[in-house]
Amino acid sequence: MEILCEDNTSLSSIPNSLMQVDGDSGLYRNDFNSRDANSSDASNWTIDGENRTNLSFEGYLPPTCLSILHLQEKNWSALLTAVVIILTIAGNILVIMAVSLEKKLQNATNYFLMSLAIADMLLGFLVMPVSMLTILYGYRWPLPSKLCAVWIYLDVLFSTASIMHLCAISLDRYVAIQNPIHHSRFNSRTKAFLKIIAVWTISVGVSMPIPVFGLQDDSKVFKQGSCLLADDNFVLIGSFVAFFIPLTIMVITYFLTIKSLQKEATLCVSDLSTRAKLASFSFLPQSSLSSEKLFQRSIHREPGSYTGRRTMQSISNEQKACKVLGIVFFLFVVMWCPFFITNIMAVICKESCNEHVIGALLNVFVWIGYLSSAVNPLVYTLFNKTYRSAFSRYIQCQYKENRKPLQLILVNTIPALAYKSSQLQAGQNKDSKEDAEPTDNDCSMVTLGKQQSEETCTDNINTVNEKVSCV
């Protein structure tokens, strides 16, 4: 079977020659003139360890054919990475729309999640496609060399922003549990946006040295024709500052938050049981108390019980939110830890470790880390009803929640029913007043209150002039 290349020329009809792949530029060139080569010549692969790879075999393979064969071998990898890119961009756009349009989701934690979705979406737009392109070109940089430092800068920026957002969310939840009054007072939308700006500022500061030094010295961002960080000091410092230190803070504050929630729930349950015992305790039987005292006691009892129910509800909501955030934290740590651990191992055991194995692991682990940006919207969909309903409506191009017809029927019918019942009751009262005759027992028939009975008795005494005691 012949492979046809450019200009419809088959491999068997082209003479042999010796091709050289330049390791610095990634370009192909001929070392021999095709006129001097015999069609029966054949030679073998020879590899120069530093800069070039000499390629020759039976049947001359021009550069375009080599590229086509190389791309065909990478089709499956490109397909998988393309699926990850599409899921990342589409899912995070849905998260941004949900927080922007749904009033139920407009709080401090969801603002952080929206900013996190923006970072993940930009990672899918600007970083992942270029990384997929390097896979197709055998992990060699196919773009101008000046763009390498910019691409690494964006990669580090958005990855650092993701871990910083999760760290800030963990700290914010812990402060909200420990000091809810202070947190609710200073947790306005403006304060939340200021915190988000601080997170992005820290992320920019951590990643800014890459373009500053990389644009001046290509050796810091190029290694054997591949675009990657070649400065060991920056790899070590950047890994700890951008990942391990925020990770430690995030894990500690998250477990402290869970512990505080359990303590609050225990105290709330004990407080509710104490209130119930005090409310049911009385020296006198309930039948011996007047209706006025019973009414006052019930009024004093209800606010406390309502407050207890509201506290339990808020604790339950916090526990559900911490569960969702805990899943997000766990997935982020599991997916990014292999890359950063391997990255540090590549620096520490540079001489003892196999460089090719470490490089292959890093190429796989970085895409596992990218996958965490696509997983977050799926977590929100599975564990949050508001996100789930919003996503389903947005996919159907319905950007506003439709009100249920039952609610409209209730609003329209209840006032009419209330009006009819009030008119009927008024008519019955009027008929009863017309049929009633004044007797001596008019004073004893009044049961609506002491003041009203006294006024009715006074009117009857003035009109009838009977000697009836109304006390």
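A Cβ is built for glycine as well, from the same backbone N, Cα and C atoms used for every other residue.
Record note: among 236-240, 371-375, 376-380, 376-380 is the stretch given as motif 'NPxxY motif' by Swiss-Prot.
Topology note: Tyr174 and Ser260 share a membrane side (same topological domain name in Swiss-Prot).
Of the candidates Asn54, Asn107, Swiss-Prot records N-linked glycosylation site for Asn54; the remaining residues carry no such annotation there, which does not rule it out for them. In Swiss-Prot, the cysteine linked to Cys148 by a disulfide bond, out of Cys167, Cys227, is Cys227. Its Cβ placed at the centre, Cys148 (disulfide bond) has 23 other Cβ atoms within 10 Å.
Looking only at the recorded positions Cys148, Asp155, Cys227, Asn343, the one with its C-alpha closest to Cys353 (disulfide bond) is Asn343. The list of residues near the topological domain 'Cytoplasmic' (98-111) in space but at least 6 beyond its ends in sequence, with Cβ under 8 angstroms from a Cβ of it, reads 117, 169, 172-173, 187, 189, 191-193, 195-196, 321, 325, 386-387, 390-391, 394, 399-401. In the structure shown, the C-beta of Cys227 has more C-beta neighbours within 10 angstroms than that of any other entry among the disulfide-bonded residues Cys227, Cys349, Cys353. Cys148 (disulfide bond) sits 11 Å from Asp155 (serotonin binding site), taking the CA atoms of both as reference points.
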